[in-house]
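Look at TrEMBL and you will find 1-16 tagged as domain 'Sphingolipid delta4-desaturase N-terminal'. Marked as domain 'Fatty acid desaturase' by TrEMBL: 41-263. Per TrEMBL, the feature transmembrane segment maps to 16-35, 42-61, 81-98, 161-178, 184-205.
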Amino acid sequence: LAKYPEIKTLMGPDPHLKWIVSGMVFMQLLACYLVKDLSWKWIFFWAYAFGGCINHSLTLAIHDISHNVAFGNKQAKWNRWFAVFANLPIGIPYSASFKKYHIDHHRYLGGDSLDVDIPTDFEGWFFCTPLRKVLWLFLQPLFYSLRPLYVNPKAITRMEILNALVQFSVDLIIYYLWGLKPVIYLIAGTILCLGFHPISGHFIAEHYMFLKGYETYSYYGPLNWLTFNVGYHMEHHDFPSIPGCRLPMVKKIAAEYYDNLPHHQSWIRVLWDFVFDDTLGPYSRVKRLCKLAKES
């Protein structure tokens with residue numbers, strides 16, 4: 001920032017985010033109507049090939065919204081409720097809990113018992129062969145949802161209760177209008193595309209140590225178009241208040257700080273290497289002891 005103060009002008013809300021997310025939500029509601037009479041095999045096909053991609057993208061929109069980039073820091077409640085709206089096609093309440101834990105991920109990156117992105121000792125010990133690592137990738141949604149309850153349990157917040165009430169009410173309305181298949185289409189898409197799926201390569205690409213001494217990596221490939229530029233992950237951790245749409249400008253302005261850092265070219269290659277490279281696995285994360293911010 002001292003060298004490039006113009007980066008500060010990139011901070012603040014993204015005026016297009018609310019319209020893009022709203023379009024994605026209504027697209028999924030339309031898809032619910034369109035799939036209501038399909039056979040089960042096509043329900044799961046379209047859930048994986050189409051709906052799940054949108055739902056995964058919406059989880060990354062919620063990631064951006066958790067940093068208040070939809071309406072700005074002065075409208076925190078608007079951001080929280082808009083995240084609940086973005087959550088609707090995901091089928092499972094997610095946004096409020098994500099916000100609660102994601103703050104710690106940025107504040108205590110790799111922190112033992114604080115950053116719940118870090119796999120548990122059991123995960124590292126058991127999922128150590130190619131076949132088991134593939135299974136672990138399939139089960140990522142399960143581990144991401146249950147691990148916080150084991151590693152760093154926190155009291156349920158009022159916003160989490162409201163998030164669940166709104167989510168399950170909309171699920172019931174969809175069920176009442178169009179039956180069970182659209183609900184399964186939404187939830188199956190979320191589970192499948194947060195598991196073993198090309199877009200899910202970002203979970204591994206972001207912080208798994210592919211090269212010793214580097215714990216955060218960016219990815220500059222085309223899947224950023226579908227994921228709100230979550231691939232610009234080094235830039236995001238440097239400037240979490242800058243919305244995803246402007247992170248490429250950070251890299252362009254301060255090129256000498258990013259161009260020579262190791263980065264990924266393909267999330268599919270990331271998944272391949274993770275499965276078949278014996279030196280990679282759930283243990284391939286930096287884990288450190290961190291003091292709580294109030295104690296430092």
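Glycine is no exception: its Cβ is also placed from the backbone N, Cα and C atoms.
Looking at which of 42-61, 81-98, 161-178 has the most CB pairs under 8 Å to the transmembrane segment (184-205), the answer is the stretch 42-61. Mapped onto DSSP classes, the domain 'Sphingolipid delta4-desaturase N-terminal' (1-16) shows 6 helix, 0 strand, 10 coil.
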